[in-house]
Amino acid sequence: MLSSRVRLVATTARLVHSLIYSSSRSFMDLKALLSSLNDFASLSFAESWDNVGLLVEPSPPHTVNTLFLTNDLTEEVMEEALQKKADLILSYHPPIFRPMKRITWKTWKERLVIRALENRVGIYSPHTAYDAAPQGVNNWLAKGLGVCTSRPIHPSKAPDYPTEGTHRVEFSVTHTQDPDKVISALKEIAGVSVTSFSARTDDEEQTRLSLNCTQQALMQVVAFLSQNRQFYQKTEILSLEKPLLLYTGMGRLCTLDESVSLETMIERIKSHLKLSHVRLALGIGKTLESPVKVVALCAGSGSSVLQGTDADLYLTGEMSHHDVLDAASQGISVILCEHSNTERGFLSDLRDMLDAHLENKINIILSETDRDPLHVI
């Protein structure tokens, strides 16, 4: 009975503190907040298969005083968010992933949507955008390894092309073919930018034209050039690529400044993730005393990201049985910590980073009921 009263007092104290704390903060318009969140970590970094961004939006206008952070949005977590007067829930995992054909009270995910809309609470999910971000989940996971240098295993592409257009077209025009007239005609095509420079080929003065153009404009450019066989025969068409980003991407390949034993690395990981147990598969020929210099890691489910990466150790939340066997056969040890255990601890760092990024304009709180559904007993 006494313990129940203590828990009630503690819960009441937290709620009172939350209300006092939130009253000291101002509000942000939802659209302005979403723009700031995208500035913090662009949604363009997310994988193409993912469902990220604003998933549930109350009718506008909608202002946010309290941003509620959770790894998984369950019904228990939703109840907590409502009790704490959340205006927007940032759920790392998207609670809406597969399309919904109806919104009824039948399934728990449908009920989440209903309760959010009834209580004017938005739901936002960054998921793999935060996996890829330089200050994101995987970088946080790497902090537990010790002093190391790291790089993405699969670098992300920049969200934009460094120049206008998706293609470059180059061809030469002789001075007898009136370069100015050709340039003028090309500039009339929407989505084309033209540069030119002089060149001499086979003792003939020429103007080398270079165009950057969109995919749609490319068809019109080719149609124009094909009208003049001399142009068309000397044409080169290049497909432009978005550059890879140095510090952004999926997974991390971490090289320790100093090698440590596998046993030491296990203890570091358990300490960082606040876990008493992890699952270990020893690589063929390896022991707990084997040195670890290179660690490949991926928060959550890492099979597809880690596969084929040369390392002493794989660290992730979960992998399939056969992928573990495959890694072990190559002498790579594997540590599995359960899916969300490799992600949830990041939220504390995220709260501090968002407080600074948003200039302390709103109240940001962490879920106290969010937890991994699996327990070792």
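Glycine residues also receive a Cβ, built from the backbone N, Cα and C atoms like all the rest.
A C-beta separation below 8 Å, combined with a sequence spacing of at least six in one chain, links Lys109 (N6-acetyllysine) to Pro95, Ile96, Met100. Lys109 (N6-acetyllysine) falls within a helix when secondary structure is assigned with DSSP. For Lys109, the entry in Swiss-Prot reads N6-acetyllysine.
Mean pLDDT for the region 'Mediates interaction with COPS2' (244-377) in the predicted structure: 98. Sequence annotations record features per position, and here Swiss-Prot assigns region 'Mediates interaction with COPS2' to 244-377 based on similarity to another entry.
Secondary structure at Thr255 (phosphothreonine), taken from DSSP and collapsed to helix, strand or coil, is strand. Among the features that Swiss-Prot reports, phosphothreonine is placed at Thr255, with the record citing similarity to another entry.
Per Swiss-Prot, phosphoserine is recorded for Ser259, and the stated evidence type is similarity to another entry. Other Cβ atoms within 10 Å of the Cβ of Ser259 (phosphoserine) number 14 in total over all chains.
Listed in sequence order, Cys148, Thr149, Ser150, Lys293, Val294 are the same-chain residues at least 6 apart in sequence whose CB falls under 8 Å from the CB of Thr255 (phosphothreonine).
DSSP labels the residues of the region 'Mediates interaction with COPS2' (244-377) in these numbers: 41 helix, 45 strand, 48 coil.
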